[in-house]
Amino acid sequence: MHPPGADVVVVRHGEIGTKSEHVGTKMERRLRENLAAVLDDRGVDAEIEQRRFRLRLHTDDPEAATAAAADTFGVVSASPAVRAEPTLDAICEGLTDAAREGYDGGTFAVSARRAGVESAHPFSSTDIEREGGSAVWDAAESAGVDPEVDLDDPDTEFFVDCREDDALVFLEKRAGPGGLPLGTQDPVVALMSGGIDSPVAAWELMKRGAPVVPLYVDLGDYGGVDHRARAVSTTGTLARYAPDRDMRLRIAPAGDAVAAIADAVDVGRMLVLRRFMFRVAAAVAEEHGAVGVVTGEAVGQKSSQTTANLAVTSAAVDLPVHRPLLTVDKTDITARADEIGTFHESTIPAGCERLAPDYPETRGRLGAIEEREPDGLAERASAVVDRLEVADGGDGAAEDPAEGETA
Ligand SMILES: Nc1ncnc2c1ncn2[C@@H]1O[C@H](COP(=O)(O)OP(=O)(O)OP(=O)(O)O)[C@@H](O)[C@H]1O
């Protein structure tokens, strides 16, 4: 919701402010570039102005610019605003206009902040709140609305941010993802299964600044086209948060290796399969300069995700395996998937479920699993990566990596 005449969006970031000046400046630059890429991808015309601890977007489309900012990692909140001279009269006029459009009953409050040197304004933030509150009250009454003030939990909050050179009036602080700008960490490989959890896990790493190389391990006869298509489409959704990155899904054709594992291993089969997937991910990481692997695993969610089994699977590779959902309940993961746009209620049996033996191992021991592993899995993992395919866009089409790989 924006006040009438809004032509600027204030974009706030959070953790960057805790960094040293040198690091903070670099991160702010990265944030600006990332935001420019999201705006460009969505066809939103906006000029970005760098301010101290803030960005401002000057635009004719404040709603679309606010939505773009709220989808950019590192952004804590964004507010479409109207500018006024930094005087009490001009601010009250801005609030009057905002009240006419944005207040049609219920309770309200005016919250003001003043920044800059003390002497810059001959009034305090309390003066703005008191005078501005009267202006809103009068505007409401003259529009036939019965105004009521609630300073603690108002239905409508009018914000004023008064600086030395101008004042901003706005009606909302739309939450962004928070975190750090994408690209401020080295990349990781994201194991994408086509399920609900893995896109959320990948998004969490992206939120902390790490670009991801998305990877789907095609299980051949044990997998399903539905999962592959789903992995492609959720990756496409994630890519909208990072339009200037190569986020195409890499597809590892692992059917032969998985069939060999299914033939050779019964007890501990799922652990051997997971360890194989991690080896494939590690080989992809090496090709792409990635420094870790991220999965959607959570303690106890599947038999392969007990605390004992996570230790056994992690030991397959030297790279760290990041599990940002480790302690998150399924309902919360699902809610987050819904928020970020990757949720899809799926009733298709997962390939892994078809592979699972009747009595899955829940307390694997590393030595015993290593003994059961068929020979040559590391070589098979490398061979699979040599035949990696790259899916383009969200349509599930795969092509030869040699013809399109840019990362
Ligand atoms: N075919 C696959 N290709 C790539 N990664 C996979 C595949 N299957 C599983 N994974 C990875 O292993 C994790 C655990 O998978 P699993 O199917 O056992 O559990 P899950 O908790 O239901 O996860 P999800 O909802 O992401 O499928 C996934 O989150 C994903 O990171």
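Just so it is clear, glycine is given a Cβ too, placed from its N, Cα and C backbone atoms.
Small disclaimer: the values here were computed from a predicted structure and weren't measured.
Contacts of Arg274 (ATP binding site) defined by a Cβ separation under 8 A and a same-chain sequence distance of 6+ are given as Ser304, Thr313, Ala316, in order along the sequence. According to its DSSP assignment, Arg274 (ATP binding site) is helical. Residues annotated as ATP binding site in TrEMBL: Leu191, Met192, Arg274, Gly296, Gln305.
Annotation comment: TrEMBL describes 63-173 as domain 'THUMP'.
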(message) Based on DSSP, tally up the residues of the domain 'THUMP' (63-173) by helix, strand and coil.
(response) 43 helix, 31 strand, 37 coil
(message) Using a Cβ cut-off under 8 Å and a sequence separation of 6 or more, which residues in the same chain sit near Gly296 (ATP binding site)?
(response) Leu191, Ser193, Gly195, Ile196, Asp197, Ser198, Pro199, Val200, Ala201, Arg323, Leu325, Ile333
(message) Return the count of C-beta atoms lying within 10 angstroms of the C-beta of Gln305 (ATP binding site), excluding that atom itself.
(response) 21
(request) Could you tell me which three-state DSSP class Gly296 (ATP binding site) falls into? (result) coil
